[in-house]
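Some features that TrEMBL has for this protein:
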TRANSMEM  20-36  transmembrane segment
TRANSMEM  43-67  transmembrane segment
TRANSMEM  126-144  transmembrane segment
TRANSMEM  233-257  transmembrane segment
TRANSMEM  277-301  transmembrane segment
TRANSMEM  338-357  transmembrane segment
TRANSMEM  377-401  transmembrane segment
TRANSMEM  460-493  transmembrane segment
TRANSMEM  545-564  transmembrane segment
Amino acid sequence: YATMDPAKFSRKLWSARKQLILMLAPLLLLPLLFIVPPKEGKCLYVVLLMAVYWCTEALPLAVTAMLPVCLFPTMGILPSKKVCPQYFLETNFLFLSGLVMASAIEEWGLHRRIALKVLKIVGVKPAWLILGMMITSSFLSMWLSNTATTAMMLPIANAILESLFGNLETLKENCKDKSDPEGDSRVKMHVLPCEKQVLTTENTPDWTDRSEQKNLEEVRREAEYQMKVWKGFLISIPYAASIGGTATLTGTAPNLILVGQLKSYFPECDLINFGSWFVFAFPLMLLFLILGWIWIAFLYGGLNTRLCISKHDERAAAEAKAKAVIDEDYKKLGPIKFAEGSITFLFIIFAVLLFTRDPKFVTGWSVFFTKGYVSDAVTGVIIISILFFFPSQCPSLRWWFDSRASITPYVPLLSWRKAQESVPWNIILLLGGGFAMAKGCEESGLAVWIGNHLQPLAQVPPAVAVILITAFIACFTEFASNTATIIIFLPVIAELAIRVNVNPLYFMIPATTGCSYAFMLPVSTPPNSIAFASGHLMVKDMVKTGFVMNILGILCVSLAMNTWGLHMFNLHIYPEWARPLNASSATVPPFNQQQ
């Protein structure tokens, strides 16, 4: 055999990396079974194996999530009858109800009407438009998935930008240094094909003709500024979608994993539900959103009052054109249809009932039922069940008595086929895998074993620990799925809190929120990937913007936990509901420097 070129061999290794990880990871982790006590060692083996597969995506995330069903019973960690029910707890039903409501909103285009209405209100100055994009994206992602929100908002942003600045390719040409002989040989980026098809774009003015009369350097500076604003628009949408998802329990999977794992570890803890989480997380989301907007608008020139066109009449014309695009597309939607109105009404009922069931600061409507019987999942499923029989056309008594009326098939607001296609069942399996893993850690004693090894961390003041935990999780989630990240670390963080005699929520809430703050890389979250795929953003743009966004997020979470969060959840007191797990553990150190 001829000697293989090292470069070619490394490429072959890279192409087969997933298969190699699949085979080597179980073998490399085998020593754990002999080093760690038997039952804890077996559970740790499964947990680390799942962590490796999740972080490398050697197997699809949902398939890895089902490993506890295979390994926990066969290794003697948990019987099958205890593992399998974890895959459809009431938390999964709450998540499912949020996803079905989102698919109904998307089915009738209500999200698009909301987006265009907000943009009509905020105006067309770059800074205000970026704010409008961020407000809309964050609000929609509270209820829809972050990915769906980003995919819908990006084409709207591109159409508005084209009406403001003209054609993207022309703009890129103007950005090049005309004295650079290699300027024309640079690689051209591609725009997503759907971007120009979704919204109306009239013939955009070609600024090149006017620019020829100006100084070339000035033209280049203006084009560079316009390109910066364009980048600001594109980057603000996925960031706002990620931030918005933290405001509601159903907004993103990690929030629900927190609730599920709390119920598993601390059955007596009933502090976190849809209403109480919203009261805590919504102000945090608003604060972070405003700070993020100021940073993005500052970095990408949106706070500059001029629109890159020196003459007032040209600036006004560009603004009028952008406004016309938004107005035209809003008009195309026509008046609100009966189906849209019905979805809006049911959506408001859905949100209000979830919020008022048991908001903690006032008595909720759940007091009318047997205590502990009605949960958020019950509320969600009741409302989404209505979607499957509520008519999409306004019912009329006259139709029954009019012999000439056409017999049209009855169409509900949502069909099961549409719901089935829209719901990401893989995420529901992923949630279940997380709950099964948590149950295994608890029953096998692995959580206590890990806690015993975290004793040195007891010397860190809790307020500092909050910042460190949030920062660590936010960094880790840049490279791994946020759902997988929180599944892996939440049991460890819960046990750490017990070891240092701190309210477990004081550590678990920041970790949960922090794992949604993945801003620095295109691969961090699907919204980042979608924005990056538009071909206009570079990795360095995301790293530069995302690094400061991460710092802002960590500081905002720390502020929230030590101000309104402290009083809302009584975080300054070690709670009674955390004591049963304490009793099963080894001795707990005396109360540590809690605030």
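Just so you know, glycine gets a Cβ as well, placed from its N, Cα and C.
Against the transmembrane segment (233-257), the recorded stretches 126-144, 460-493, 545-564 differ in Cβ pairs under 8 Å, and the greatest number is found for 126-144. Between the transmembrane segment (545-564) and the transmembrane segment (277-301), three or more CB pairs separated by 6 or more residues in sequence fall under 8 Å, so the two stretches touch. Ranked by the number of CB pairs under 8 Å to the transmembrane segment (277-301), the listed stretches 20-36, 43-67, 126-144, 377-401 are led by 126-144. Counting only same-chain residues 6+ beyond the ends of the transmembrane segment (377-401), those with a CB under 8 A from a CB of the stretch are 90-91, 93-94, 96-98, 100-101, 104, 108, 250, 338-339, 342-343, 346, 349-350, 353-354, 357, 408, 410-416, 419. The list of residues near the transmembrane segment (43-67) in space but at least 6 beyond its ends in sequence, with Cβ under 8 angstroms from a Cβ of it, reads 17-19, 21-22, 25-26, 29-30, 32-33, 36, 75, 77, 425-427, 429-430, 432-434, 436-437, 440-441, 444, 446, 449, 479-481, 483-484, 487-488.
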